[in-house]
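Undergrad: My questions will all concern the structure given below.
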Amino acid sequence: MESLIIILVGVLTTVAIYLVLSKNIVRVILGTAILSHAVHLLILSMGGLKLGAVPLLGEEAETYVDALPQALILTAIVISFAVTAFILVLAYRAHQELGTDNLSAMRGSDDE
Amino acid sequence: MYLLIIAILIPFIATALIPLIHNRIGSLHIGWLVLLVPTALFIIFALQIPAISVGEVLNQTANWIPSLGINFTVYLDGLSLILALLITGMGSLVVLYSIYYLSPSDSFPHFYAYLLLFMGAMLGVVLSDNLLVLYVFWELTSISSFLLIAFWYHRKNSRYGAQKSLLITVFGGLGMLAGFMMLHSMTGTFSIREIIAVIGQYTDHALFYPAMFLVLLGAFTKSAQFPFHIWLPDAMEAPTPVSAYLHSATMVKAGLYLVARFTPIFAGNASWFWTITIVGLITLFWGAFCAVRQTDLKALLAYSTISQLGLIMSLLGLGSAAMYFGDGEQGALYGLAIFAALFHLVNHSTFKGALFMAVGIIDHQVGTRDIRRLGGLMAFLPITFTFAVIGSFSMAGLPFFNGFLSKEMFFTATVNAAGLPAFGVSAWGVLIPVIAWIASVFTFVYCMILVFRTFFGSSQLKKLDKQPVEPSIGMLISPAILCILIIGLFFAPNLLGDYLLRPALNGVIPGISGAAPQISAWHGFNTELFMTLGIVIVGTLLFLTFRSWFKIYRLQPADWTFTVLYNSFLKDLKRVANWITTHYMTGHLPAYFAYIFIFFIATAGGALLITGALSVDLMADSPISIYEGMLVAVMAVAAVSILFAKSRLTAILLNGVLGFSIAIFFVLFRAPDLALTQLVIETVTTTLFLLCFNFLPEWKKEDSPKRTKIRNALIAIGGGVTVTLIGLTVNSGELFESISGYFEDSYELAGGENIVNAILGDFRAFDTMLESLVLFIAGLGVYTLIRLKVGKGSGKDEHQ
């Protein structure tokens, strides 16, 4: 299962990088969102999958799955949401001011 | 007793105090207070003479970074003592002189702060036993020299000269640092004493010669040896007291000190002997040759300093033969060269200091240093004239001045070296005294030019800016003291020889005291005397017929100088740097992303391949159930479909599919908290996307050329593969034990049954707090961006 998830992570990363390299700002934002999905899955798989019970002590289980990656991912999900929201609004404002969603057009003239 | 360490620190402390006190001393010239520092230090060092002269050494250590072997160890032997006395003695005279030299419009606090900074740094160089401490002080002298050359920074030439000296000396200094590192990696210590003790085992080490040449690079750049001499003439833009102090008496001697100090480590082989001797002789000749053509008195002195430094350098090279022969008759014979080097080092500081001060007086009183505009000044400046004559004649090596004694010794050393039975000298050896002699002829010529063109002949008073009169008495004291020393040392040279030079010689070549002779002015009609006589005769002839052979200087094309080379190198460096920067700093975000990902693939992926860490092991995997497999397939298909989505709505929904699928995975992988958070966040994100898209244009098909698309695809696949391989490798082995077991005691430790929540809310509570701070900042950013109205025309204003 872990290897399969890691391969899925690879596929997601490939898609994400390709989108990030695009000139269109919306694709770049989508790319970063997908990249964070990939990273979350990667971190989770690092701790080993399905190796125990849900990390709730009340479950009275022998072993629990690794709780640390879960805590890290929880932080990461929230942060990546904040970043996505910020750059989305940035893109919206940039488009409003500059009239383009093309990164090359946004950088202005060469003789600056 | 930390007397010596304190002695080094005093100038630095004084430097820091100057800005604080200079406003509170009323009309008193701050130079008088500054003068106390070098004078007191001179007395401190002078008090060490009795102990040092009988062969004692002082060794004081203050721990600095003991774990790295870097200690502030101060080591005072004869060699260091001579330099320390020069630094503080010349320092006192120069400060005194500068009080009268500087004009009220100059910034005194800056000047004296830099000067004291230099003094402390220079003392640090000659007293440090630790290589790294020495290096730090070494670079500090370069920096203070830079600041002092650029003291009149409103002049373009000052800035140019300052930059040139800094670039060249720091370039050499970095080379020297590399050499020190090599010494450390060979011997395992930074202490010069300890290196000397063990270096014998390492002479066959692969790093021995690289270290030697790198250390020499530092010495040659600092001491303005050919072809690095080009910075010194430009350094003459500094105020004259600075030129007298840094650029003739002390800082440029640091390279000589370094060579002398490292003689016990590196000397005794042909490379050391020939490199130093040849570089020294070329510098000696070229400096003297160029000095003759100068029309600016300070430029003349600068080239003459280069030449004299070359002389001392070549002596240090010749004397290194003594290390080859060891203690004995032959060792003593060649060790004489080192003795002569030390003697001339002291003498040069006296006569060159006097000359610089005399030229400074001319400049100060007459308003020009151009030989073509000067002449006949003897009648107006008789005292200055006396200084100039004493200094010049000593430099020319004429009797009754100390320069004569060390110059004769120099000839003795070159004649001895011509018959050296080692290092493959043989027939070519005769060139050594010949070059020395020719260079000395030119030395004689420029000394005569300095005296006769300036002080004799018809005066051109109308062309001068000021009417020449002798300066106030204060400006004459320092050169007068130096002139007394010049003559005094001729009549009582053994005072210096016994108390300072002999112990210094022991510092350069341990246990070879037999090489230190009793200095005497007269030793019969020998080769050296005839060489001097020849110089006077030929030199006088050349001086009188100067106009007829002056043309040879036109043989050198104007653009065939090292300065032109240096300038074009700087220009090309700028051009190439500019070219490279404009080619990769394109301002295109996709290009920058591409650099980041390529770098990631190259370093992370490359390291994985090179170290052979790559391994894939599927045995530990947990089983795959059918719906998990389906979910993976769904996600993969959704992800790839985004690339081909025709409309952005499709793309957003596909992204939503990914997010919600991950939430399901979190459920499957026993992470209920994650699943809940992910569901909420994904919903909000998708809504946000849809909201924003209302305001953004419908996306067009990527219109990049096919080549770019293929390049991007390759980078993307490379990145994906790298991540996959790293993941698989990590998954197939366990390098460290998991630390997660600790958190399973969360009920006892944190009072929480939900481990994930306990980690977030207790174990890593700060993390969580800062995370909410990030969320808050992002929220502020979003709010501000939406409210921000870029004013009409504000963008234009910037370009007006």
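Heads up, the Cβ atoms here are built off N, Cα and C, so glycines get one too.
This is the feature table in TrEMBL:
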- B:65-112: domain 'NADH-Ubiquinone oxidoreductase (complex I) chain 5 N-terminal' (DOMAIN)
- B:128-418: domain 'NADH:quinone oxidoreductase/Mrp antiporter transmembrane' (DOMAIN)
- B:634-698: domain 'MrpA C-terminal/MbhD' (DOMAIN)
- B:709-787: domain 'MrpA C-terminal/MbhE' (DOMAIN)
- B:30-52: transmembrane segment (TRANSMEM)
- B:72-99: transmembrane segment (TRANSMEM)
- B:111-127: transmembrane segment (TRANSMEM)
- B:133-153: transmembrane segment (TRANSMEM)
- B:165-187: transmembrane segment (TRANSMEM)
- B:244-266: transmembrane segment (TRANSMEM)
- B:272-292: transmembrane segment (TRANSMEM)
- B:374-401: transmembrane segment (TRANSMEM)
- B:430-452: transmembrane segment (TRANSMEM)
- B:592-614: transmembrane segment (TRANSMEM)
- B:626-645: transmembrane segment (TRANSMEM)
- B:769-786: transmembrane segment (TRANSMEM)
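What's the neighbourhood like for each of these?
TA: For the domain 'MrpA C-terminal/MbhD' (B:634-698), the mean pLDDT of the prediction comes to 88.
When Cβ-Cβ distances below 8 Å are used as the criterion, the transmembrane segment (B:30-52) is approached by residues 3, 7, 10-11, 14, 18, 21-22, 58, 76-78, 81, 84-85, 87-89, 91-92, 95-96, 98-99, 102, 108-109, 112, 115-116, 119, 123, 499-500, 503 of the same chain, each at least six residues removed from its ends.
Below 8 angstroms of C-beta separation, residues 4-5, 8, 29, 31-32, 34-35, 37-39, 41-42, 45-46, 48-49, 52-53, 57-64, 111-112, 115, 119, 122-123, 126-130, 133, 191-193, 239, 241-242, 244-245, 249-250, 253, 257, 260-261, 342, 345-346, 349, 353, 357, 360, 474-475, 477-479, 481-482, 500-508 of the same chain, each at least six residues beyond the ends of the transmembrane segment (B:72-99), sit close to that stretch.
Within its own chain, the transmembrane segment (B:133-153) has Cβ neighbours under 8 Å at 64, 70-73, 106, 110-111, 114-115, 117-118, 120-125, 159, 161-163, 165-166, 169-170, 173, 176-177, 180, 192, 218, 222, 234-235, 237-239, 242, 246-247, 251, 254, counting only residues six or more beyond its boundaries.
If you look at the transmembrane segment (B:244-266), the same-chain residues 6 or more away from its ends with a CB under 8 A from one of its CBs are 79, 83, 86-87, 90-91, 94, 97, 115, 118, 122, 125-126, 138, 141, 144-145, 148, 176, 183, 192, 195-196, 199, 208, 211-212, 215-216, 218-225, 232, 235-236, 238, 272, 276, 301-302, 305, 309, 312-313, 316, 319-320, 323, 338, 341-342, 345, 348-349, 352-353, 356-357, 360, 507-510.
Counting only same-chain residues 6+ beyond the ends of the transmembrane segment (B:272-292), those with a CB under 8 A from a CB of the stretch are 212-213, 216, 220, 224-226, 229, 259, 266, 300-301, 303-318, 320-321, 324, 417, 423, 432, 435-436, 438-440, 442-443, 445-446, 449.
Beyond the ends of the transmembrane segment (B:430-452), by six or more residues, the same chain brings 277, 281, 284-285, 288-289, 291-292, 294, 297, 300-301, 303-304, 307, 310-311, 314, 318, 355, 371, 388-389, 392-393, 395-397, 407, 410-411, 414-415, 417-418, 531, 534-536, 538-540, 542-543, 546 to within a C-beta distance below 8 angstroms of the stretch.
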Undergrad: Looking only at the domain 'NADH-Ubiquinone oxidoreductase (complex I) chain 5 N-terminal' (B:65-112), how are its residues distributed among DSSP helix, strand and coil?
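TA: Helix (H, G, I), strand (E, B), coil: 32 helix, 8 strand, 8 coil.
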Undergrad: Could you give me the DSSP helix, strand and coil counts for the domain 'MrpA C-terminal/MbhE' (B:709-787)?
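TA: Computed counts for the domain 'MrpA C-terminal/MbhE' (B:709-787) are 66 helix, 1 strand, 12 coil.
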Undergrad: Using DSSP, what's the helix, strand and coil tally for the domain 'MrpA C-terminal/MbhD' (B:634-698)?
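TA: Secondary-structure breakdown of the domain 'MrpA C-terminal/MbhD' (B:634-698): 54 helix, 0 strand, 11 coil.
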